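So that you can see what the record holds, here are the features copied from Swiss-Prot:
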ACT_SITE  Cys389  active site, nucleophile
BINDING   Cys81, Cys87, Cys90, Cys162  [4Fe-4S] cluster binding site
BINDING   Gln265, Phe294, Asn299, Glu315, Asn342, Asp363  S-adenosyl-L-methionine binding site
DOMAIN    10-68  domain 'TRAM'
Amino acid sequence: MAQFYSAKRRTTTRQIITVSVNDLDSFGQGVARHNGKTLFIPGLLPQENAEVAVTEDKKQYARAKVVRRLSDSPERETPRCPHFGVCGGCQQQHASVDLQQRSKSAALARLMKHDVSEVIADVPWGYRRRARLSLNYLPKTQQLQMGFRKAGSSDIVDVKQCPILAPQLEALLPKVRACLGSLQAMRHLGHVELVQATSGTLMILRHTAPLSSADREKLERFSHSEGLDLYLAPDSEILETVSGEMPWYDSNGLRLTFSPRDFIQVNAGVNQKMVARALEWLDVQPEDRVLDLFCGMGNFTLPLATQAASVVGVEGVPALVEKGQQNARLNGLQNVTFYHENLEEDVTKQPWAKNGFDKVLLDPARAGAAGVMQQIIKLEPIRIVYVSCNPATLARDSEALLKAGYTIARLAMLDMFPHTGHLESMVLFSRVK
């Protein structure tokens, strides 16, 4: 008779070692060296010693977790959020803001092989004007969870407060939770978004089943009592306006309207400074023709139009092109035009590009702009400002400009998301004469 044996699970004993941390990476992990190998340890800061357990051992590097911290860095801070360390939203509340900015700037400088000229920052707390909170009904307790995802998990952290949220939004958290937790449709809710616009506060509720008249009435009463613009989203395509007018925000003296689902920069303060610095770096003159690629609904395009002879905004999403045109009309700007184009194709052959451009600005998504770099080079602008939310693709795309005879004149780290691992940046390229 054949006999079958289950293979015994291999057990590994985690090695406990003592390390000294000498650096902080841009994601907020302490960096140490052990046996000639780089070791990444979340939760530790430079100048700290600790006993750590190795959790992952690769050929080039290893990861570890803290068993016992033996000393504290002078730049260690007490996290303001009670959910820090569990919630996946923030990774660096234990580090001083100055240390966070230095570590991100150093990472950017290494990637770009160029010194960081400046850090563009604003308030480090209460800066986030948009939040998307996951909702989950717990049948056992008949309670509604509302919060953000746990670090490295799809589980939800039931968030009671969030100090990086705009104060108006943080104050709403318990009230929104109580309202949604009283709905008959509590088990059919997907997420809720809160947005703080200049025009007021928005609440967008994603529900996966039709709402009863009683639930709709309850939501309307809540929105009126809290002064919210209320939107209901039964699916990803439909958005019903229950109350409120078209929202808008200020951008360098202009009023930009947007749909509740449109992308807007989360950090209003840094956005204002970023736009102002981009215009300054481009040195826009009254006779200039300026091209804005990946322009969205005109965050840079419209402020550029207040200084240049003419501005062309190019965007791949038709709805954003329409919104840009609408915003130009609302602000009385007649020297700006928006075009819907596939930026992977050669747009330099379009009629609007035949006269060339003196200056170019681009603000692509995380994938970068590899498909348009040669097109920009063909246009031969004097100055180029590249705004990036991914330093790796920025470094890759920059190579084409450097080979074409451009040099990096300025490099800024944008502290758009304090206390997180997100690193944004802006570069000025100048053509060598």
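Start at 1 and count along the chain as shown; that gives each residue its number.
Placement of Cβ uses the backbone N, Cα and C atoms for every residue, glycine included.
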Check your understanding: In the domain 'TRAM' (10-68), how many residues does DSSP assign to helix, to strand and to coil?
Key -> 0 helix, 38 strand, 21 coil
Check your understanding: Which chain neighbours of the [4Fe-4S] cluster site, leaving out Cys81, Cys87, Cys90, Cys162, have a Cβ atom within 8 Å of the mean position of the site's Cβ atoms?
Key -> His83, Phe84, Gly89, Gln93, Phe148, Val159, Pro163, Ile164, His419
Practice item. Measuring CA to CA, name the entry from the binding-site residues Gln265, Glu315, Asp363 that ends up nearest Cys90 ([4Fe-4S] cluster binding site). Key: Gln265
Practice item. May I ask for the distance between the residue listed as 'active site, nucleophile' and Asp363 (S-adenosyl-L-methionine binding site), taken between their Cα atoms and rounded to an integer number of Å? Key: 8
Practice item. Identify, in sequence order, the residues in the chain of Cys81 ([4Fe-4S] cluster binding site) that are 6 or more apart from it along the sequence and have a CB within less than 8 Å of its CB; answer 'none' if there are none. Key: Cys87, Cys90, Gln93, Gln161, Cys162, Pro163, Ile164
Review point. Here are some recorded positions: Cys87, Cys162, Cys389. Which one has the most Cβ atoms within 10 Å of its Cβ?
Key: Cys162
Check your understanding: Near Glu315 (S-adenosyl-L-methionine binding site), how many other Cβ atoms are within 10 Å of its Cβ?
Key -> 24
Practice item. Might you list, by sequence position, any residue in that chain lying six or more from Gln265 (S-adenosyl-L-methionine binding site) with a Cβ less than 8 Å away from its Cβ? Key: Asn271, Met274, Asn299, Met416
Check your understanding: According to DSSP, which of helix, strand or coil covers the residue listed as 'active site, nucleophile'?
Key -> coil
Exercise for review: Please report the number of other Cβ atoms within 10 Å of the Cβ of Phe294 (S-adenosyl-L-methionine binding site).
Suggested key: 20
Review point. So for Asn342 (S-adenosyl-L-methionine binding site), how many other CB atoms are inside 10 Å of its CB?
Key: 10
Point to revise | Pairwise Cα distance maximum in Å, S-adenosyl-L-methionine-binding residues per record: Gln265, Phe294, Asn299, Glu315, Asn342, Asp363 | key: 23
Revision key, fill the gap. Within 10 angstroms of the C-beta of Cys90 ([4Fe-4S] cluster binding site), the count of other C-beta atoms across all shown chains comes to 24
